[in-house]
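Novice: Below is one structure. I have some questions about it.
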């Protein structure tokens, strides 16, 4: 293991390291795992990320699972499967592990995802995530996928669902909003509409950007907490000021589930240089929900980073310079 990876692993796994530093270490390790795919360094980085699943922080663990899903590496599958199978684990982490297995797109994960989709008494967000992940893996390995024409996205993330294909009639914000909010459609199809709307909102000066943001914001009223949290996540990716009112409302609603509120806090962190955002986040620094408190700490660190003009939210200079 390289000295860099060993040092990042130590920062990530230490409970005495401040949470924002642990997050930066995590993003640095994810970057190294992706850049060096297939090498011993990549495997060491993946093992380093997985080692932090011993942490008591649900926020950190759910982010570990997300990052493992973004590595594109089969070496992450056993770690993620173990988290999904651990019924003592926080449902937020288990859901993220299921989503990450979907992102990796390997048919070998279908069995375990089917198991928890149909498990009696399973948490709804875990069930729904398994349903979407199964659909994503089946799509990933289908003939249909090869025929589809997908718009080039501005985002490098591997998403829970691809955007709607471009050849699916003429895509307008209105037609996509209709699909987004149609609860009779499978979640996978609605997610496809969500990511197509995201892509119509970037770059932020597109004429479709603000209408797409306002359409997405309506999804924050959906009955599915999983769906609402994904809308907040997309807003974090877009960092568009038009989403601030909807995100502030979601974070401020104490009756909203913590899975959604924490995602809204992190999304606001990506908008940290906008007026009033830091003040909003500071109000929730002592929230009753630990995951919200921790998200606010990370969001405030991200806000500081946004204001500083640094190139990349990572820990080590060489990762920052490579990633920028």
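Just so you know, glycine gets a Cβ as well, placed from its N, Cα and C.
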Novice: Looking at the candidate ranges 143-171, 172-200, 201-229, 230-258, report the one that Swiss-Prot labels region 'Disordered'.
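Specialist: Spelled out, Swiss-Prot records region 'Disordered' over residues 143-171, not the other listed ranges.
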Novice: Go through 62, 262, our binding-site residues, and report the one whose Cβ sees the most other Cβ atoms within 10 Å.
Specialist: 262
Novice: Please compute the mean pLDDT of the model over the repeat 'HEAT-like PBS-type 3' (189-219).
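Specialist: Here the mean pLDDT over the repeat 'HEAT-like PBS-type 3' (189-219) amounts to 97.
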Novice: Let's check the environment of residue 230 (Fe cation 2 binding site): how many other CB atoms sit within 10 Å of its CB?
Specialist: 27
Novice: Count the Cβ atoms, other than its own, that fall within 10 Å of the Cβ of residue 63 (Fe cation 1 binding site), considering every protein chain shown.
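Specialist: The Cβ of residue 63 (Fe cation 1 binding site) has 23 Cβ neighbours within 10 Å.
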Novice: Taking the mean position of the Cβ atoms of 62, 63, 95, 96 as the Fe cation 1 site, which residues outside that list, in the same chain, have a Cβ no more than 8 Å away, listed in sequence order?
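Specialist: Here the non-site neighbours turn out to be 58, 61, 64, 65, 66, 92, 93, 97, 99, 100.
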Novice: For the binding-site residues listed here (95, 229), tell me which residue's CB has the most neighbouring CB atoms inside 10 Å.
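Specialist: The residue with the densest Cβ neighbourhood is 95.
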Novice: Is it possible to get the count of other C-beta atoms within 10 angstroms of the C-beta of residue 263 (Fe cation 2 binding site)?
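Specialist: I get 27 for this one.
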